[in-house]
Amino acid sequence: MAAAAGVAAGTGRGSGEGEELLPNAVEGDGGCGGGGTCAGDRPWRLNFDGLRRPEAHQEKPPRRFHDRLGGLVQSPGDDVAEYYQQQSELLEGFNEMDTLTDRGFLPGMSKEECEKVARSEALAIRLSNIANMVLFAAKVYASIRSGSLAIIASTLDSLLDLLSGFILWFTAFSKKTSNPYRYPIGKRRMQPLGILVFASVMATLGLQIILESTRSLFYDGDTFRLTKEQEKWVVDIMLSVTSVKLLLVVYCRSFTNEILAIYTIRTWSMTVLENVHSLVGQSASPEYLQKLTYLCWNHHKAVRHIDTVRAYTFGSHYFVEVDIVLPCDMPLQEAHDIGEAPQEKLESLPEIERAFVHLDYEFTHQPEHARSHDTL
């Protein structure tokens with residue numbers, strides 16, 4: 001039960017809590033699991049159904065002011081609450097893997113619901129692009145007439161809105177029209193590349209605005225003077241821009257798009273770093289690797305060991321490599337079927353693009369795929 005020990009030990013932080021979880025989890029003598037299959041019928045499977053948090057730690061307390069400042073003053077109860085919160089999230093992830101094992105798929109929206117959401121999002125994107133083009137033209141006129149750096153900066157902001165829409169459209173179009181012979185694994189890497197290009201353009205324009213603003217502070221000339229009529233036009237245009245933006249916010253607030261959430265919640269610097277990490281092959285979190293290990297171990301009773309579980313970014317999704325150990329006398333046909341099924345399960349997870357399941361009969365050999373070509 002090498003994999004069982006690895007998964008159960010990962011649920012604790014080196015405290016006694018994790019050691020107490022292991023015996024109950026491995027015995028599998030509990031009731032029926034969440035997928036509708038009784039754990040007693042398959043005692044070789046890991047089973048965490050009987051584990052529940054104490055009532056005193058059901059909810060994590062709200063974050064206090066000192067937590068937002070960086071946790072300079074730490075309360076003794078915060079660590080305990082955070083620990084149980086992580087345990088709860090880990091158990092929820094295991095339950096999700098049990099559902100995938102028992103049903104063969106994860107519950108989600110129907111095809112009709114997905115099409116309805118796609119149509120609504122497409123309409124919102126079209127309206128946003130049309131509004132941005134109108135606003136950009138109006139801001140260009142206001143910038144030429146006024147010469148105000150504030151209005152020019154707002155004009156560049158509208159230009160960036162149009163550019164971001166074009167980049168998103170181009171990346172989506174490229175992913176759908178990729179040639180399977182020239183690009184065997186598709187063009188999913190176009191998304192992080194497009195975001196990096198957009199971030200570079202935005203940083204360049206922002207830096208140029210800062211330089212021009214600094215230069216104008218030391219310029220004593222009085223070049224740009226507006227008449228009353230020109231001021232009225234400029235103010236009306238900027239008020240119209242603000243009104244249209246507010247209407248778009250109200251209309252689009254119901255769409256919980258992850259890309260838009262990243263743009264609004266995280267800073268652009270964090271977004272750039274995130275996409276850089278996705279291109280260089282950063283490993284998945286330990287909690288996610290535990291979920292994958294749990295899924296592979298509970299796949300089939302013939303699995304003797306799980307030698308390796310890797311998940312690393314290759315674009316916006318994960319590539320997964322799993323090495324499982326089967327009996328050395330197992331027929332090839334049976335071993336192939338056992339190895340193919342977890343690959344299909346792994347690739348059905350929304351975060352995973354490709355999964356590779358390797359079969360072996362022992363786990364004492366040297367690590368495979370030695371880096372013999374590395375020169376550093």
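Each residue, glycine too, has its Cβ placed from N, Cα and C.
On a predicted model such as this, the values are computed, not experimentally measured, just so you know.
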Using the annotation in Swiss-Prot, determine whether Arg145 and Val272 are placed on a common side of the membrane.
no
Report, as numbers and ranges, which residues of the same chain sit near the topological domain 'Cytoplasmic' (171-191): CB under 8 Å and 6 or more residues beyond its ends.
279, 314-317, 353-354
